[in-house]
Amino acid sequence: MEKNAKIYIAGHRGMVGSAIYRKLEKEGYHNILTRVSSELDLRDQKAVADFFEQEKPDYVFLAAAKVGGIVANNTYRAEFLYDNLQIQNNIINSAYVNGVKKLMFLGSSCIYPKMAPQPLKEDYLLTGTLEETNEPYAIAKIAGIKMCDAYRDQFGCNYISVMPTNLYGYNDNYHPQNSHVLPALIRRFHEAKENSAADVTIWGTGSPKREFLFADDLAEACFYLMQNYDEKGLVNIGTGEDISIKDLALLVKKIVGYEGEIKFDTSKPDGTPRKLMDVTKLHSKGWKHTIELEQGIVLAYQDFLTKWQTASAN
Ligand SMILES: NC(=O)C1=CN([C@@H]2O[C@H](COP(=O)(O)OP(=O)(O)OC[C@H]3O[C@@H](n4cnc5c(N)ncnc54)[C@H](OP(=O)(O)O)[C@@H]3O)[C@@H](O)[C@H]2O)C=CC1
Ligand SMILES: C[C@H]1O[C@H](OP(=O)(O)OP(=O)(O)OC[C@H]2O[C@@H](n3cnc4c(=O)[nH]c(N)nc43)[C@H](O)[C@@H]2O)[C@@H](O)[C@@H](O)C1=O
């Protein structure tokens, strides 16, 4: 990407989009195009077509999506399917119509079958049944991969698809029900410490395993792959290491400094038992993560504290 290229980050206010924005700024890119959802609803086909026709971006990072944790995915099933299909269809087609040089589509590790062998290799896509709680979201993400591939096959578009593992970091969503596990635990342990609560309840059995990548590391990978990867199909982005939800809870508890007990609410879903990424392809392209889990949680907790204190002061 040339330093004066016009680069559109869809979803620049979100956790991932804001990390990509910081990375591009740090690298000296100054022609970054952004719109918040209240200015441009990416589900609106005409609005997106007009925006692309007017702005003619050179490159696109597609990091806008309806996103949430296991309960949000399972509750807002229609929105996770409709919004995500609309957003990605509108952007990918408008990018083609307006001659975008390269586009990156962000999927998710939930595209893989629930019971796929571990670690998850890219060629396990579409080899089995999906996890029920996030099937609508996963189907939208699989359609996004296939859109990019079909536009490459038929029209020669250089559109690439990356599949991040579970993410956390600055600007995360700390909603008590709709967030992902890591921000949810940071908030719950923090509030329990502040209120001297005797125990903290976490969802499910604690036995599922998840892999976590700090969003700024993901942004580094996205930037690297945008310069060095031009292939059809998909590439996993992760660390290649995972942890049980119970051990994750113990780690967050330690970092936050909470001293009470942990309880499990087994009426809440566990979801996929394990989704460890095979990162062989990513490493072979020349990129590896740098922020380890404990260090990342410390950074995320500091970010949470800053925003929490700012919010309580207002
Ligand atoms: N968080 C995670 O653990 C993971 C995320 N991903 C993927 O990474 C990408 C980014 O996720 P993340 O940053 O966590 O999500 P966030 O929820 O933090 O950000 C999503 C962004 O999408 C924008 N958006 C949503 N709906 C619309 C709409 N209708 N019109 C315009 N903009 C819209 C929002 O814009 P605004 O702020 O202006 O409203 C928001 O900034 C997504 O594709 C997601 O699927 C993949 C794996 C894991
Ligand atoms: C990124 C990814 O995110 C989702 O899939 P998920 O990996 O299951 O995500 P999660 O972070 O919500 O949960 C991980 C595990 O943690 C347990 N858990 C414990 N306590 C809390 C808790 O308090 N909140 C949440 N959310 N989970 C909790 C929870 O029961 C589960 O076993 C999908 O959106 C999917 O589509 C997707 O792409």
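Each residue, glycine too, has its Cβ placed from N, Cα and C.
Just so it is clear, the model here is predicted, and its values are computed rather than measured.
Feature annotations, reproduced from TrEMBL:
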DOMAIN    7-238  domain 'NAD-dependent epimerase/dehydratase'
BINDING   11-17, 106-109, Lys141, 164-167, His180  NADP(+) binding site
SITE      Ser108  site 'Important for catalytic activity'
SITE      Cys110  site 'Important for catalytic activity'
ACT_SITE  Tyr137  active site, proton donor/acceptor
BINDING   Arg188, Trp203, Arg210, Asp270  substrate binding site
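Proximity to ligand 1 at the level of Cβ atoms, with a cut-off under 6 angstroms, picks out Gly11, Gly14, Ser108, Leu167 from the binding-site residues Gly11, Gly14, Ser108, Leu167, Trp203, Asp270. The residue listed as 'active site, proton donor/acceptor' and Ser108 (NADP(+) binding site) have their C-alpha atoms 9 Å apart, to the nearest angstrom. Checking the recorded positions Ser108, Tyr137, Leu167, Trp203, Asp270 against ligand 2, the ones whose Cβ sits under 6 Å from it are Ser108, Tyr137, Trp203, Asp270. In three-state terms derived from DSSP, Gly14 (NADP(+) binding site) belongs to neither a helical nor a strand segment and is classed as coil. Around Gly14 (NADP(+) binding site), taking its Cβ as the centre, 21 other Cβ atoms fall within 10 Å, counting all chains. Under 8 Å, Cβ to Cβ, and six or more positions away along its own chain, Leu167 (NADP(+) binding site) finds Met15, Val16, His180, Phe212, Leu213, Phe214, Ala215, Leu218. Annotation: Tyr137 carries the greatest number of neighbouring Cβ atoms among the recorded positions Tyr137, Pro164, Trp203, Arg210, Asp270 [cut-off 10 Å, Cβ to Cβ]. Summarising the environment of Ser108 (NADP(+) binding site), the number of other Cβ atoms within 10 Å of its Cβ, over all protein chains shown, is 22. Between the two most distant C-alpha atoms of the annotated substrate binders (Arg188, Trp203, Arg210, Asp270) there are 19 Å. The binding-site residues shown are Arg188, Trp203, Asp270; of these, the one with its CA atom nearest the CA of Ser108 (NADP(+) binding site) is Asp270. Sequence-distant neighbours of Cys110 (site 'Important for catalytic activity') (same chain, six or more apart, CB under 8 Å from its CB) are Leu130, Glu131, Asn134, Tyr137, Ala138, Lys141, Thr272, Lys275, listed in sequence order. Counting only same-chain residues six or more apart in sequence, the Cβ atoms lying under 8 angstroms from the Cβ of Arg188 (substrate binding site) belong to Pro176, Val200, Thr201, Ile202. DSSP assigns the residue listed as 'active site, proton donor/acceptor' to a helical segment in the three-state reduction. Among the binding-site residues Trp203, Arg210, Asp270, the residue whose Cα lies closest in space to that of Gly17 (NADP(+) binding site) is Arg210.
Recorded residues Gly11 (NADP(+) binding site) and Arg210 (substrate binding site) have their alpha carbons 25 Å apart, per Cα-Cα distance.
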